[in-house]
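Taken from TrEMBL, the feature divalent metal cation binding site applies to 191, 229, 434, 438.
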C-alpha cells in the first residue's frame, strides 16, 4: 500500500476519533440531522479500513444516548446540517463535498451500515442515575417552584438495577404495599411524600413510616411535582386539553437560571488601567464568576462592563471603588432572568370551538375519568352559556388563577371564598378534587418514559392510588 494512501487513511481515523471525543453520552438525537458532509472525499478502500471504527461508534449509540458540548441550545439537541464545528481545522472545506439529498456522498455510502434510530434508548441493565437522567430530560427539576421539594427523596444504600418503576400521584400505605408486591425498584410519586423537614424516623407518623419501608425494601423514591406542572406538554397542558384544542398560553411564566445576574459598568483612563482593574476583578473571585461584556473607547476614556454573579458582586464593587476612575463612573444594573416560552404554572386556552358550560362539564368528566364534578356557575351564567376562554391549574390552583379573566376555571380544589370571588366576577368554576385533576397524566407520562427506557424496564401506573375523597 503506498505511503500516501496509508497516511491519508490514518488521517481519516484521527478525524473520526476526534469526532467521537466531541460526543458525550446523554440525550436523544434525530437521525435525520446526522451528516458527515464536512469530511473530505476519501477513497472507498480507506472507508473499508475504518469499518471497525464505525461499528464501535454504532455500538455506543445502542448503549447510550448522546449530546454534544457545542450545541447552540440545550433544549434543541441535534446535529446541524453543517457539522463543520465538530471537526478539526485540518479538515478542509472542499468543493469535492458532493451532497446527496442534503447529506454528503460519504454519508450516502455509509448509510447502509450506519443508520442511528430516530430515538435512542438505553439498553441492558438500567442504573438509578441513568433513570434520573432520563427523567431530567423529560421535565427538568429547575422548572419546579422554589418552595417545592422535588427530585430523588429516598436513595437506597445498596444500588441495584432498575427493572420496575411504579407511577403514583400519592405515596400511601396501599401504594407502598403494591410497590413491595411488584418488587419495585423506583417509585415516582408526583406529590413529594417528604415535604417538611423531619427530625426523626419512627412508626407513629405515616409518612415517616413509608420512608422507613422504602429504605428497608431498597426502593428509591423520586418526586417531580411542580416541574411536571410547569414543563411544556406537562400536567397543565394535559388538563386544559380536555376541552379541545385552542391557543394556549402560560399564566405564570417560568424563568431561566441566570448565573450572571449583575452588570457593572465603569470607565478607565487607559488600556493599562483597564487591564489592571480587570486582573484585580478576576483575582477577587477566583476567576470563576466574572465575564467581560466588552469595552469601547471615546474622548473621555475607555468604557467597560463586566457580568458577575450574586457571590461576586460585593468583592467586585469593592475592587472598583479602589480606583478613582471606576469609582466615579460605576453603575450597577440588575439583569432579569430570561423567560422560558411554553413553561410555567397554569394555562389559558382560547378554544377553537367554543362549548357550552354543560358540554364543558361532560368533556372534563370524560377526560378525567370521573362520574361527578362540582360546578359553580358564574354570575349571570347558565348551563347553556358559551365557554371560549378556559384557565386551568392542576391541584389547588386558586393562587395561579386569581385575577385571570376567563369564562371557566378548571382546577382540583378552591376554598369556599375563592369560589365565591370567581363566581361574582362572572367566571364559572369546575372542581374535580385535588388529585383527580392530576392523576390522569400518569398514563400519558408512562408512554413518554417507556419509549426512553430499555424494554427490560417495566413502567406501571399504580392501581391502588386514588383520591381520598369520594362522592357518597
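Just so you know, the numbers here start at 1 and follow the chain as drawn.
The backbone N, Cα and C atoms fix where each Cβ goes, and this holds for glycine too.
Overlay of TrEMBL feature records on the structure.
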residue	record	Cβ contacts under 8 Å, 6 or more apart
191	divalent metal cation binding site	169, 170, 171, 223, 225, 435
229	divalent metal cation binding site	235, 236, 345, 393, 394, 395
434	divalent metal cation binding site	395, 396, 412, 413, 467
438	divalent metal cation binding site	169, 190, 235, 239, 394, 395, 412
So which other residues, same chain and not among 191, 229, 434, 438, have a Cβ within 8 Å of the centroid of the Cβ atoms at the divalent metal cation site?
169, 190, 225, 235, 394, 395, 412, 435, 437
